[in-house]
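Asker: Per TrEMBL, the features are:
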type: BINDING; residues: B:101, B:106, B:142, B:146; note: [2Fe-2S] cluster binding site
């Protein structure tokens, strides 16, 4: 059989691959066939019958019209999509579909962008012959993100198939038969998946619509502005739908190489935070009588004077400068330029890292290690310290595809991660992660350098280790094995050791190594030089400055915080707040007012949030993606790069004469022209001792929950109401709970150094023994210390006391 | 995309040896063995039938969940099957099930009069159970016995060419 065959559609000769469906060929040729149930990313259901066409094969017509989505092409096949017979069939289907569809288009959110409306206009009749009563279907409560109007459902089952095939959780189904058929969960429960919002886009009618957007705008009032999603390192391509200077909703833009046609709920619904009451709308200065609004001119003079005074009195080394890794490339570049212009060198954007011992060995421009789409082709992936679904939902989706295609996905994590595909998980308390990796390295036959040799040789390799090592070796030999380090590894006090072991495993198995950058622009921060040991273009610094943690453990006299809430965005909030409170000057550039900022800062400068500024994000795969501001920042808030430019001018620094964000981008791009991401380490990783928990203590596992990752998400109310947003609690392994005399629901006081916080206990054997999982960046967690570090637990009251 | 996606398997967090009885499990396993391992969900219909028969003729949600767990399938997939087919009952039923065919041949052969007779004589509407709990009266889609319409299925036995008089005799014989 040859590779290509020819068929004829509406008289046009088309090339096709054997086994393709008629509709695929027609779509490629730009011949439109109406459809509802067919979607190129989902399996074929062929249940709406809208795509009926007339076809003949070898001169013999098919006796009936055939569904184009489910009829494979054959050589010499002739297809008529607009013949009398085809049109009759389509018209007939349309009439049946409309029998039970309500005529509520004027009050339907889908109105104006509805596939049923469009197809009905193109292929339906203008008058209905149906005079009987229409059916009514009870609504489903699918949670705070998705609004339902099930009477409008036409049973295409796209949402059902999305759940089974893409999300991997079969929550929706089609129950009942005939007129009683309905789509729902059957037993009332909320749909809880990080990609669930995509069923809003998939639904061809108004049965599933966005709950936060509901009844707020009409499709034709909106202007679509292309943008890049700001919450993870995927860099999903999105569209901001804007009306009257306000982002009304967010939709995905297709980009097969990055986000395919999906976006995560976090990227879809975080826009709500833009209009939160906690937005900072005017520059504010702290006086004797509390916070007072002021004007830009005087506040900038005040800040410039303050910075100059600190530099003059105490030296530029007394400046600490912390920037959120979700800032734009332009902000990061200007930020480091300003600090270094003042003679300072203490700048960092790795806010959730506590072990910086590997800085000298780290690759200059760490990245994912391969293009995002190539994740699907991997045959074996070892994830180290990553709750991937929470951290990078769409990368988790790519890995799921690889796993369903037969890849081995192994995980070494402080807790068992909930996945929707087969995996090999090795949960181990934070101090034991290195031992697990050493066991895999041993099984893979890694000898190890002198310092690692002992650790690897004494490791205890079990069946699972051997299985993971064998799969990695086999995949590595074929060039499609991967070892990935995630956010929980980065937060670990043993990050350097974990990296050393990860490189050992990668070397021994022939696998590639990759990093999962924690934020939208973590990779960009290395390009921009917003790191203590890197200049723009990731060039090495002669004398590195202090890293993010050292700036707080060796307190500075003055700090500039860029897009940071100290209680939530830093690895050790208790220490951060103490260090900042003791400083002479704290300048906070922020889009949101938060209690912890108000407590420690001297001035609050309102900067633009996502969607309000133009800029660039560099995603995990090293793609530079520029975007424009879609709406104006609220009140007196200004795009961050403008603030830095003006401040640079006031400080009379050279090289701040930029007219636009584009100029800044171009200036940095010129310095990065010969730089590409590369994960080759520049030296051997120094190997220290592992951070084992002392007797009587547990190791805290402070994962950052999916909807706590940055200020914008934390201010988005609908996301905060989903089941994925858990309040502060302590999760314990049953054996640890028993040893401490604790039961599910007990109230405990957790002590982390001098820091204290009260919370309820959840007992779960997902957690490894010796760990105590307390989420970071959620309300209440700001009183605690390092995300991963020893804690002591004491019972306050039992569930049934009182 | 393809047609034949292997169905989504969901491993439930239960010990399968605690589900049903050893006899029911053995019987379900006999059906599971007929299909390739990744298609063990294909045994859902006989499994539901078995479980229903051992539960006085109806399926509770808990039982459907157990079938889902036993066959490694999503619960909602079991609900889909159980709500689609008329032979599964999701609420408690009488001691017997009386299913009267309402499809075209039986309708022409007199099933409508038969149903009216049942409704009046036994004071029970389709889908209801008689006050004494003797039988549940179900209006059924085609029983596939067109040549001797109208057909009535009492529990698992077919009765053909049923008249109101012969129907009453059938009911009298039930305990």
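Backbone N, Cα and C define each Cβ position, glycine as well.
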Asker: Have a look around residue B:142 ([2Fe-2S] cluster binding site) and count the other CB atoms within 10 A of its CB, chains all included.
Answerer: 13
Asker: Per DSSP, to which secondary structure element type does residue B:142 ([2Fe-2S] cluster binding site) belong, with helix, strand and coil as the options?
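Answerer: Reduced to three states, the DSSP call for residue B:142 ([2Fe-2S] cluster binding site) is coil.
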Asker: Taking the recorded [2Fe-2S] cluster site as B:101, B:106, B:142, B:146, identify the other residues of that chain whose CB atom sits within 8 Å of the mean position of the site's CB atoms, giving them in sequence order.
Answerer: B:102, B:103, B:104, B:105, B:107, B:111, B:143, B:144, B:145, B:149, B:150, B:151
Asker: Other Cβ atoms within 10 Å is the metric here; tell me which of the binding-site residues B:106, B:146 scores highest.
Answerer: B:106
Asker: Around the C-beta of residue B:101 ([2Fe-2S] cluster binding site), how many further C-beta atoms are within 10 angstroms, looking at every protein chain?
Answerer: 28
Asker: Return one of helix, strand or coil for residue B:106 ([2Fe-2S] cluster binding site), based on DSSP.
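Answerer: Reduced to three states, the DSSP call for residue B:106 ([2Fe-2S] cluster binding site) is helix.
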